[in-house]
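Participant: Have a look at this one before I ask anything.
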């Protein structure tokens, strides 16, 4: 289990009274800016990047700029899906994930092999908490191997890193 390297959003100052970095492009849907801490640790592993809401947002912005945002959206949907305990809710969300990301010609179709896609298709009528595990691991591997190294070199990450190091 990855260590959570980011904390919940707090006041605009740290305990020492110094201002915290607020990356302008890391606002949540309500316009609230999340304090960005441990930005340096995002460069250590994709697990540390994804364990942090601000890291997820920065990575999503990067993937959007590369026209591959479906990867992080699918991965996040699978993370949420695994937390569901009620069967009706599981069935509903499994169908949403399938329709949005897995089925052939889905609006945000992820790049998984045909065998995995077929297995999900065949079991979608009776989903389990592990229904998307194989596909999620494939997408995580793709992001770790391909997207994450490019993210570390991107203007998005470098800008956040520079702002963080100035504080």
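Cβ coordinates are placed from backbone N, Cα and C, and glycine is handled just like the others.
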Participant: Looking at 1-31, 32-62, which one does TrEMBL call region 'Disordered'?
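Facilitator: Of 1-31, 32-62, TrEMBL gives region 'Disordered' for 1-31.
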Participant: Could you give me the DSSP helix, strand and coil counts for the domain 'RGS' (45-161)?
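Facilitator: Secondary-structure breakdown of the domain 'RGS' (45-161): 84 helix, 0 strand, 33 coil.
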